[in-house]
Amino acid sequence: MEQFKGQSRLPKFAVPKRYDIRLKPDLTACNFAGSVAIHLHIVADTTFIVLNVADLSVHSASLSFDSSSKVLEPSKIELVEADEILVLEFPHTLPLGIGVLNIAFQGTLNDKMKGFYRSTYEHNGEKKNMAVTQFEPADARRCFPCWDEPACKATFKVTLDVPSELIALSNMPIIEEKVDGHLKTVSYQESPIMSTYLVAVVVGLFDYVEDHTSDGKADRGKFALDVAVKTLGLYKEYFAVPYSLPKLDMIAIPDFAAGAMENYGLVTYRETALLYDEQHSAAANKQRVATVVAHELAHQWFGNLVTMEWWTHLWLNEGFATWVSYLATDSLFPEWKIWTQFLDESTEGLRLDGLAESHPIEVEVNHASEIDEIFDSISYRKGASVIRMLQSYLGAECFQRSLASYIKKYACSNAKTEDLWAALEEGSGEPVNKLMNSWTKQKGYPVVSVEIKDQTLVFEQSQFLSSGSHGDGQWIVPLTLCCGSYDARKNFLLQTKSETLNIKEFLSDKSNSASAWIKLNVDQAGFYRVKYDEDLAARLRYAIENNYLSATDRFGILDDSFALCMARQQSLTSLLTLMGAYREEVEYTVLSNLISISYKIVTIAADATPDLADYVKQYFISLFQCSAEKLGWDPKTGESHLDAMLRGEVLIALALFGHDPTLNEASRRFQAFLDDKNTPLLPPDTRVAAYMAVMRRVSNSNKLAFESLLRLYKETDLSQEKTRILSSLASSPDPNIILEVLNFLLSSEVRSQDAVYGLSISMEGRETAWTWLKDNWEHISKTWGSGFLITRFVSAIVSPFASFEKAKEIEEYFASRSMPSIARTLKQSIERIHIYANWVQSVQNEKHLAEAVKELAHRKY
């Protein structure tokens, strides 16, 4: 039996073909009984059967293997907890061909939001349990014994024994329901061939959207339903294959660790990602629901119909579903300019991938416990960004055609990254495999430096690292550039370290080569950064001020400049001066990034040169004033979705930078809202701004607003409102209040899935939060340690520091408390502290910074 221990994959001598699963959950005692009959194909001589089991007690007396000729019982049974496997040894070699493995078992409906777990809800003022599954990546084995690997596809026939008043759903439609007193037996159609991580069961009392009950949450499902119906039609055309199941349920679960899960035919969601209420939801909530629904439905093809062969290729699922969800959302809501907003995804990918502690898109996975950590910005956001880069290089039509043939070829089967490249290479005639390997098999990305000498451009690539050190990666970079206008374009592959280009021939007649702006990475379609020489940078600044550039290009110039400044390859003075060119910016995505960048600069300035911090805030207030005055506090009739989202972000910035008129107005409107919840003075889009503003003035001696917010939190049943309140509480500058907020997150008032929303802590609260994390680490690691949410505690509380001493202290603290699920996040967070600490030192040594900042702060626009 020893040979099976410590292996990353199950042995291949038995192949599951079909599962007959019967489950009987007890929602009062919070446990379940079950049995499974697995139809196996024995394909090689063996005396063993090895499959996955975790946290289940298996009835050994029930174990048998029925082959065509006889019933065999195992002579030896071993459950290996460390490897989550059940090893059965039989006295004789098993006959080749089909046989049935029978197992009866019992388990607990846990509260860890994985496997078969319980979620709580209130019905008529009474607390009730529901039973729900979450199997991705490797937790089907916590519900029934199985070959819990994506490549072991089989069909599933599910039967449930449940209380007769409850709704019970699974992947497939119900074929029959037999009621026997208080219990009923529900059987479902057999599923098509699929992976175990996509099997799902939900048992509870639900409102559903055809029902239109007045008091439930049903009406809040209409928007998502509408998006889903349209999206399925869109994907049917795009992939040239219709949705493959007879029904699709989408269901909101009160306790849910991820955002949503694409179970075949039964997609589960957090309430915030599915429920939308015209009156109480913000514009950002509406957009979140649309993109999440589009993402999960994309998986019904990319993931469910065609599945990655192993978790190494997880990015194929996630990067692709992320990219295509933007395609669908853009088609349904063109006015959202969602492809411009896609840059937020790319930026997050670039931010994580600029760390030495990043990882390649294709990452070796040797143990189930390592999988959780790769559900990160690399798999989702860098994955989606390199797909966008490739699509823009190959062209949309060729890309779509090749994808459709890939889906057709691998339907009901499994594929690896190289299978997708082969399909795209065949469809385009381009060297896709060679090009893309440089982006998926090595971590990181390049910064392309460009300088102009006479009429020649000189390009050079090197690996970009936020630490400022140089990595040795090299890429095949699809370079695009425009010169003086968007009509004068050039595209080529940069395949070497450096290259030159004569720009004489494609300068438009009007533009003068001595002053024409030159922009690389047009529309930011490529996953790389660009560093311009002084001359080219000045031309671009002029082009921004005169509004010659697209929003995506304005975004890219700003974001690259910020990244280069953090990596100490550009002065803070030059970044601040560039930001001044954006004072008349109106595009949501560009302004939103400008605001995020300003937050980081303010904290770095406060750490580096405390006496300058107020001047920096002053400068940013004057920069955002123009937008704030234009947008005001009150929504305008017929305004765009993007203005509605921008209003809140601009007001939050002014509040956090201590702008008194904004703080006073927030306080007035908050008071009006407390007196009358239906006041038009505080619609959902500006609530976070008002909540954060009043928290900025809360202190130990003035707690009224804090207590009011806690009361609002307890009274509302809308998850989105709860999230708005949680994300505002930690803005207080008073460490005593911060401690109260953090303790509130651990109280029974806050669902464990939601605690992470309260961790965006004010700069003044950093030390308090770190002490709190240490004091409560045992409880936190016990409650969240088995899922991926624990990583949020570490990154949110550790990353904001900016001193080498702190990094050392944090490293020493965790040296004896490490666990595999946080190892990567911890290294990344400590690396960030080092990056910030170096940045602080370089800002302290920057000549002329003080006069520049004072001059900018007093400049009148």
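For all residues, glycine too, the Cβ spot is worked out from N, Cα and C.
Automatic, uncurated: that is what TrEMBL annotation is.
Copied from TrEMBL, the annotated features are:
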ACT_SITE  Glu296  active site, proton acceptor
BINDING   His295, His299, Glu318  Zn(2+) binding site
DOMAIN    15-198  domain 'Aminopeptidase N-like N-terminal'
DOMAIN    223-439  domain 'Peptidase M1 membrane alanine aminopeptidase'
DOMAIN    517-834  domain 'ERAP1-like C-terminal'
SITE      Tyr380  site 'Transition state stabilizer'
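Sequence-distant neighbours of His299 (Zn(2+) binding site) (same chain, 6+ residues apart, CB-CB distance under 8 A): Glu262, Asn317, Ala321. The Zn(2+) site is set by His295, His299, Glu318; from the centre of their CB atoms, other residues of the chain with a CB within 8 Å are Glu262, Glu296, Ala298, Phe302, Gly303, Asn317, Phe320, Ala321, Thr322, Ser325, Tyr380. Rounded to the nearest whole angstrom, the C-alpha distance between His295 (Zn(2+) binding site) and Tyr380 (site 'Transition state stabilizer') is 11.
Same-chain residues at least 6 positions away in sequence with a Cβ under 8 Å from that of the residue listed as 'active site, proton acceptor' are, in sequence order, Met250, Ala260, Met261, Glu262, Val267, Tyr269, Ala321.
Distance between Cα atoms for Glu318 (Zn(2+) binding site) and Tyr380 (site 'Transition state stabilizer'): 5 Å, as a whole number. Around the Cβ of Glu318 (Zn(2+) binding site), the number of neighbouring Cβ atoms within 10 Å comes to 23. Cβ neighbour count for Tyr380 (site 'Transition state stabilizer') (all protein chains, 10 Å cutoff from its Cβ): 24.
Looking just at the domain 'Aminopeptidase N-like N-terminal' (15-198), the mean pLDDT is 96. Neighbours of His295 (Zn(2+) binding site), defined as other CB atoms within 10 A of its CB across all chains, total 27.
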